[in-house]
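Undergrad: To start, I am sharing the structure in question, which I have written as structure tokens.
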Amino acid sequence: MSRAPRSEAARRSWGDDDAGCTILHVDMDAFFASVELLDHPELRGKPVIVGGQHRGVVSAASYEARAFGVHSAMPVTRARMLCPQGVFLPGRHQRYAEVSRQVMTVLGDVTPVMEPVSIDEAFLDVAGAVRRMGSPVAIARWIRAEVRARTGVTASVGAAGTKHVAKLASTHAKPDGLMLVPVAATLPFLHSLPVGALWGVGEKTRAVLERRGLETVADIAATPLAALHRMLGVAAGQKLHELAWGIDDRRVVPGRVEKSVGTETTFPEDITDRTILETVLLDQAHQCAARLRADAVLAATVSIKVRMADFTTLTRSRTLPAPTDLAHDLVTAVRDLLGAVSIPPDGVRLLGVRAERLVDARSTGVQGALDEDPQRARAERAMDGVRARFGPGVLRPASLMDTTRGSAFPGARGDIS
């Protein structure tokens, strides 16, 4: 999912010569929100916002919600102010992962040279598929039609000669569109964009550039390299200079596996009760384990993140005895890690768990924890199936129940990534 700035000047046809434009960037349209609309068609046409609790952040917003200024990574409190009539839904990552696998299967049918970069986007190099499936644009059209037919959700595709330009093209094709940037049109296209469209240009870098009168990519291209070095440093200045001139030699790397899986919870109010913190942490460990199993990967390391009321942030990690996708193993580790953290009187604002150093569970030679306790593995997979069918809150370990209310601890669910 891209939030790079768009330019109306760039939202036009740049020509139809797709020779050499074998790099495709496929990006699902408002993916989480689109899946919710797929499962809840009665919400179509309404502003749908997928996000966390009161102090969490927005994971996705339908295009109706975006018309009110709501976007991903925005605090939910701000989203409610901008769009009080919005339909706010909790995230269902297992469902999104299921649809994502269907999308990636479509892309894998085109070429093995496919690089997923997140749950809802991927790069493809279709040079080897042209003889079998037609031109890059024909392949892009086939992908869009096939994704819609198999999943019911839409994708936008950018086609270009480099990864950077293909990603920018898919951003400008949204929603549910296709944009080709011919090789010969690369520089005119790039130079029509604001500086914030360049990869790596965030708010701080953009402010530095704009203070010096550099507002467009064309301005960057016209600036001497030495001046960019002085403004941004040698490495960043060199990279922006290259991108502004269409230079991007990155290749599509097939079979990329996500480096980590994690979830965080921002509390409605700061928490000082260690028992509550442990309950939330254990729930997060179960969420991470379910995601690992859904993605067929094992984690070799687990870490926790603790943000205090004064925004001081601590991280602690532990290498696991063996790569695992079992909640039991993650729970044991995160409980010990939290036990070593001193909770200040002002309390904790945010808590998170992240499973790291992921390996493919199907790889030969990987001896995971599944081999050590097949009964526990079967039990956790059975729980996955029940949750997938009836919802994430229908079945929970007894340790995650709020005994004072007789129900699952409120606020323990976070947004998983």
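Quick reminder: no glycine exception, Cβ is built from N, Cα and C everywhere.
Pulled from TrEMBL, these are the listed features:
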| type | residues | note |
| --- | --- | --- |
| ACT_SITE | E121 | active site |
| BINDING | D27, D120 | Mg(2+) binding site |
| DOMAIN | 23-202 | domain 'UmuC' |
| SITE | F32 | site 'Substrate discrimination' |
Undergrad: Determine the most Cβ-crowded residue among the recorded positions D27, E121, using a 10 Å radius around each Cβ and all protein chains in the structure.
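TA: The residue with the most neighbouring Cβ atoms within 10 Å is D27.
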Undergrad: Across all the protein chains here, work out how many other Cβ atoms are within 10 Å of the Cβ of D120 (Mg(2+) binding site).
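TA: For D120 (Mg(2+) binding site), the count of other Cβ atoms within 10 Å is 24.
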Undergrad: Which chain-mates of F32 (site 'Substrate discrimination') that are at least 6 residues away have a CB under 8 A from its CB, listed by sequence?
TA: V50, S59, A60, G91, Y96, D120
Undergrad: Helix, strand or coil by DSSP: which one applies to D120 (Mg(2+) binding site)?
TA: coil
Undergrad: If you measure the residue listed as 'active site' to D27 (Mg(2+) binding site) at Cα, how many Å is it?
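TA: Just about 4 Å between their Cα atoms.
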